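A short write-up of the structure that comes next.
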Amino acid sequence: MASTPKLTSTISSSSPSLQFLCKKLPIAIHLPSSSSSSFLSLPKTLTSLYSLRPRIALLSNHRYYHSRRFSVCASTDNGAESDRHYDFDLFTIGAGSGGVRASRFATSFGASAAVCELPFSTISSDTAGGVGGTCVLRGCVPKKLLVYASKYSHEFEDSHGFGWKYETEPSHDWTTLIANKNAELQRLTGIYKNILSKANVKLIEGRGKVIDPHTVDVDGKIYTTRNILIAVGGRPFIPDIPGKEFAIDSDAALDLPSKPKKIAIVGGGYIALEFAGIFNGLNCEVHVFIRQKKVLRGFDEDVRDFVGEQMSLRGIEFHTEESPEAIIKAGDGSFSLKTSKGTVEGFSHVMFATGRKPNTKNLGLENVGVKMAKNGAIEVDEYSQTSVPSIWAVGDVTDRINLTPVALMEGGALAKTLFQNEPTKPDYRAVPCAVFSQPPIGTVGLTEEQAIEQYGDVDVYTSNFRPLKATLSGLPDRVFMKLIVCANTNKVLGVHMCGEDSPEIIQGFGVAVKAGLTKADFDATVGVHPTAAEEFVTMRAPTRKFRKDSSEGKASPEAKTAAGV
């Protein structure tokens with residue numbers, strides 16, 4: 001068994017960081033005040049502590065490199081044997097955002113790492129995937145490219161008020177868009193492969209399956225590893241109703257052979273709204289069917305109302321409180337959607353955007369004792385460790401906050417925890433997010449409802465105005481902005497915006513909310529004029545106030561209306 005490495009430290013034994021390590025790892029600690037080491041045998045949460053013996057490893061790109069030898073000092077930690085050779089220190093199943101981040105960070109810390117991924121495809125399946133994962137290949141990136149494409153029709157319409165005239169009506173070629181989009185995806189997956197290669201991460205193509213806590217099978221080839229990371233993401237979910245075989249999901253919607261003429265989109269979440277905006281902008285007839293009264297469950301109520309109204313003004317038809325019951329194919333090839341309220345006919349496509357499920361099927365996790373939720377999500381602790389000490393999970397497969405930047409954060413934190421002796425919890429405070437609907441949404445922090453529940457005394461500032469650009473275009477576009485402030489501390493608890501450039505604007509305010517800035521800090525900040533963003537630093541009087549004992553939910557007579565509107 002490898003000897004326990006000695007950590008010479010000038011940190012006091014009362015240091016929280018040192019106390020954490022002492023609780024989690026078997027360490028021989030040398031402190032300045034101690035003349036001899038004391039060995040601490042401790043529980044299993046972290047898997048390994050490492051000696052610094054050099055090792056030469058041969059990777060798939062045939063380059064040799066020297067790395068630190070990471071050997072588990074106590075087999076009771078994660079079951080790995082300290083004197084046994086393992087092919088890798090970390091084997092990751094899934095080369096999406098979280099898996100790639102964890103793998104390349106691991107090698108930068110001196111560990112050996114491999115990642116396996118299915119062959120490239122724009123549509124995921126049990127046999128196809130691709131390096132880059134959902135975000136790069138069938139999520140954030142291709143969707144945003146289609147959002148850009150769809151916005152041009154609005155720009156053409158806007159431009160008339162600014163003097164632009166067109167001899168012919170602009171037309172759109174769907175085939176060109178999809179071909180160019182797919183070429184960009186091929187370029188991006190190549191970049192990701194290059195990143196892995198440069199980081200000395202071995203990339204293995206194939207489907208990975210966990211055989212035991214330290215063994216992975218990739219299409220019949222066996223690899224041993226000290227730690228396994230599951231980062232396989234999720235897949236679109238279509239409910240089991242008659243005619244479901246006629247439905248498309250978000251993967252297919254990004255890669256259709258032809259543009260829809262009339263499309264039914266079932267779902268009221270961000271994916272449904274984003275695709276509704278895309279197809280509406282590309283001059284398709286769009287109908288959105290939602291089970292609830294409003295779209296975007298979980299978002300701020302004012303934002304939910306505002307975005308629904310604005311999208312309706314652009315010609316999208318919302319069918320509220322309707323549940324899908326069946327899809328019926330007509331003799332002419334068109335589809336009808338039967339709902340709890342009736343039947344709507346004549347659709348060229350029926351799309352379901354009814355959520356995503358963790359992609360944990362056929363990974364062998366049940367056989368090794370990994371605990372999962374009813375929806376298939378892998379249950380993890382605050383350090384992303386599963387119920388099996390040597391198996392970890394990050395990203396959408398854990399169903400925590402299903403955002404690409406969050407998966408990146410989780411992957412980086414895991415690598416630090418395992419291979420840098422730096423136990424790191426992902427920080428989920430004040431995570432900003434965006435919905436690329438049209439108009440788009442940017443939000444960070446608490447909703448009004450959450451703030452009232454958690455703090456009681458809350459001041460709400462809102463502004464609903466016509467942006468400068470719309471004054472000449474003559475279009476009904478408006479912008480909604482909202483600040484939620486703790487009345488007792490003056491701390492800004494939430495920032496919400498719906499309108500052009502909201503996602504770009506919210507990133508900066510995400511820093512402000514994370515830093516704990518106050519409304520006074522906002523008020524003391526000079527605005528940039530003329531911009532929509534300056535509204536966030538010029539809203540002086542609250543629209544309404546809420547107090548624990550009594551609610552003043554009425555509009556303030558001093559409520560601010562945007563200047564110049």
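Placed from the backbone N, Cα and C atoms, the Cβ positions cover glycine too.
According to Swiss-Prot, the transit peptide annotation covers 1-74.
If you look up Swiss-Prot, you'll see SER97, TYR192 marked as glutathione binding site, on the strength of similarity to another entry. Taken residue by residue with DSSP, SER97 (glutathione binding site) is part of a helix. Sequence-distant contacts of SER97 (glutathione binding site), defined as residues of its own chain at least six apart whose C-beta falls under 8 angstroms from its C-beta, comprise GLY133, CYS135, VAL136, GLY395, THR404, ALA407, LEU408, GLY411.
GLY208 (FAD binding site) falls within a strand when secondary structure is assigned with DSSP. Feature annotation from Swiss-Prot assigns FAD binding site to SER97, GLY98, GLU117, THR134, CYS135, LYS143, GLY208, ASP396, THR404, HIS529.
Annotation comment: Swiss-Prot describes CYS135-CYS140 as disulfide bond. Around CYS140 (disulfide bond), the C-beta neighbours below 8 angstroms that are at least 6 residues distant in the chain are THR134, THR404.
The annotation NADP(+) binding site is assigned in Swiss-Prot to GLY268, ILE271, GLU274, ARG291, ARG297, GLY355, ALA434 on the grounds of similarity to another entry. Taking a C-beta cut-off of under 8 Å and a sequence gap of six or more, ILE271 (NADP(+) binding site) has these contacts in its own chain: SER250, ALA353. According to DSSP, ILE271 (NADP(+) binding site) is assigned to a helical segment.
Residues or ranges marked as active site, proton acceptor in Swiss-Prot (evidence: similarity to another entry): HIS529. Cβ contacts within 10 Å of HIS529 (active site, proton acceptor), excluding its own Cβ and spanning all protein chains shown: 10. In the three-state DSSP assignment, the secondary structure recorded for HIS529 (active site, proton acceptor) is coil.
Residues annotated as region 'Disordered' in Swiss-Prot: 544-565.
The compositional bias 'Basic and acidic residues' annotation in Swiss-Prot covers 548-557.
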May I ask you to report the DSSP-based helix, strand or coil state of ALA434 (NADP(+) binding site)? strand
Which chain-mates of ARG297 (NADP(+) binding site) that are at least 6 residues away have a CB under 8 A from its CB, listed by sequence? GLY268, GLY269
Among the binding-site residues GLU117, GLU274, point out the residue whose Cβ has the most other Cβ atoms within 10 Å, with all shown protein chains included in the count. GLU117
Sequence gap of 6 or more, Cβ distance under 8 Å: name the residues on the same chain that satisfy this around ARG291 (NADP(+) binding site), in order along the sequence. GLY268, GLU321, GLU322, SER323
Consider the recorded positions GLY208, ALA434, HIS529 and say which one has the Cα lying nearest the Cα of TYR192 (glutathione binding site). GLY208
Rounded to a whole angstrom, what is the C-alpha distance between GLU117 (FAD binding site) and GLY355 (NADP(+) binding site)? 23
Candidates GLY208, GLU274, GLY355, ALA434 (binding-site residues); nearest Cα to HIS529 (active site, proton acceptor) turns out to be ALA434
